[in-house]
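What TrEMBL annotates here:
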{"type": "BINDING", "residues": "ARG10, THR11, SER12, GLY18, ASN19, GLY145, GLU146, ASP147, ILE184, LYS193, MET194, SER195, LYS196, SER197", "note": "ATP binding site"}
{"type": "BINDING", "residues": "ASP133", "note": "L-tryptophan binding site"}
{"type": "MOTIF", "residues": "193-197", "note": "motif ''KMSKS' region'"}
Amino acid sequence: MKKRLLSGIRTSGVTHIGNVFGAINQWVQMQNDYESFAMLADLHALTTPSEAVNIEKKTLETAKLYLALGLNPKKTTIFVQSHVPQHAELSWILGTIARLGELERMTQFKDKSLGQESINLGLFAYPVLMAADILAYNADAVPVGEDQKQHVELTRNLAERFNSRYGQTFKIPEYISQKSSARIMGLDDSSKKMSKSAENPKNYIAVLDDETTIREKIKSAVTDSGSEITFSEEKKPAVSNLLTIFSLASGKSVGDLEKEFTGHGYGQFKEVLSDALVAYLSPIQEKYKNISNSEIKNVLAEGAKHAQEVAGKTLGEVKKRVGLLQI
Ligand code: AQP
């Protein structure tokens with residue numbers, strides 16, 4: 001029997017190359033070997049209301065990007081989180097075994113709540129919902145960027161706690177990431193990750209950015225002191241990030257790129273990097289344009305049906321385990 005994979009993206013902001021290199025490309029590679037579930041996390045988007053604007057439009061846009069980036073609905077169940085009510089139900093049950101202290105330690109919560117006057121319960125409970133997303137499918141593998149590692153660890157802890165309290169129910173999922181792409185940094189600040197909620201759009205390259213925008217953003221990307229194009233996360237974090245992006249977009253190794261640009265300045269390096277990004281993103285954008293709303297809605301309807309079946313089975317088992325009345 002194939003192992004199961006589950007992952008997802010919040011349907012807020014724009015999908016950027018960090019999401020693609022850090023997460024989606026792994027799902028595309030793994031869909032041949034795993035029974036795969038790719039979620040559009042619209043309930044998670046609601047936890048930051050200022051970012052959750054045009055959520056319906058963004059859900060359709062992100063779903064189309066899943067297809068354009070290579071997810072195949074015959075191999076991957078593509079579905080919207082809010083179409084599968086079992087996620088919220090399981091989240092409530094897991095919330096009864098999660099501890100306040102462990103949720104307070106989540107760095108994403110600390111970062112996102114910093115400076116906020118009032119913090120909503122959803123933002124605090126986000127990692128419990130994420131645990132429910134994963135455990136509802138009894139996923140073996142969760143391919144995500146490094147920023148989500150702590151949430152997968154919490155999921156493992158909750159699964160173990162549930163199993164020991166109520167009997168063996170959940171598999172313990174594994175966090176999967178690729179070292180080279182697990183943390184793409186912002187173009188405007190190489191000490192912070194590239195992020196869809198960044199205030200400055202020059203922080204990221206969106207998958208749907210046009211050629212002019214890509215060139216402008218790369219031109220204004222920060223670099224480091226000195227003029228050599230060499231990889232050193234400590235000494236040259238910004239240039240190292242650009243080399244990583246270049247390598248992922250072109251398929252060339254970082255070492256080969258260092259050799260290719262020995263003796264060249266940042267200006268020329270950035271121009272050729274822009275060429276590589278345009279060449280990488282253009283065919284994806286072309287595919288995206290050709291996917292109609294009705295086509296993607298059909299994919300999501302099919303996906304919801306299958307996801308509900310699988311998650312429904314898990315929920316039935318969980319309710320029995322915790323002792324809720326069955327009729
Ligand atoms: N910079 C990144 N490098 C590598 N992987 C990344 N991911 C996100 N940013 C990077 C991975 O993409 C998947 C979807 O994440 P998301 O929907 O949370 O997108 P985001 O850009 O991380 O969104 P926000 O709102 O700016 O930040 P957070 O993370 O606070 O929600 C995940 O697998 C993520 O690891």
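A Cβ is built for glycine as well, from the same backbone N, Cα and C atoms used for every other residue.
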- Note on the structure: If you measure between the CA atoms of ASN19 (ATP binding site) and the residue listed as 'L-tryptophan binding site' and round to the nearest Å, you get 18
- Query: By CA distance, which of the binding-site residues (ARG10, ILE184, LYS196) lies nearest to the residue listed as 'L-tryptophan binding site'?
  - Reply: ARG10
- If we take the residues ARG10, THR11, SER12, GLY18, ASN19, GLY145, GLU146, ASP147, ILE184, LYS193, MET194, SER195, LYS196, SER197 that the record assigns to ATP, their largest CA-CA distance in Å comes out at 19
- Message: Let me spell it out: for each of the binding-site residues (ASP133, GLU146), count the other Cβ atoms within 10 Å of that residue's Cβ, using every protein chain shown. Which one has the most?
- Response: ASP133
- Message: Please identify which of ARG10, LYS196 has the densest Cβ environment, defined as other Cβ atoms within 10 Å, among these binding-site residues.
- Response: ARG10
- Helix-strand-coil residue split for the motif ''KMSKS' region' (193-197), DSSP-based: 0 helix, 1 strand, 4 coil
- Message: Just to confirm: which same-chain residues, 6+ apart in sequence, have a Cβ under 8 Å from the Cβ of SER12 (ATP binding site)?
- Response: ALA45, THR48, GLU51, ALA52, VAL53, ILE55, LYS58, LYS196, SER197
- Which chain-mates of MET194 (ATP binding site) that are at least 6 residues away have a CB under 8 A from its CB, listed by sequence? HIS16, ILE17, GLY18, ILE184, MET185, GLY186, LEU187, ASN203, TYR204
- Simplified to three states, DSSP reports ASP133 (L-tryptophan binding site) as helix
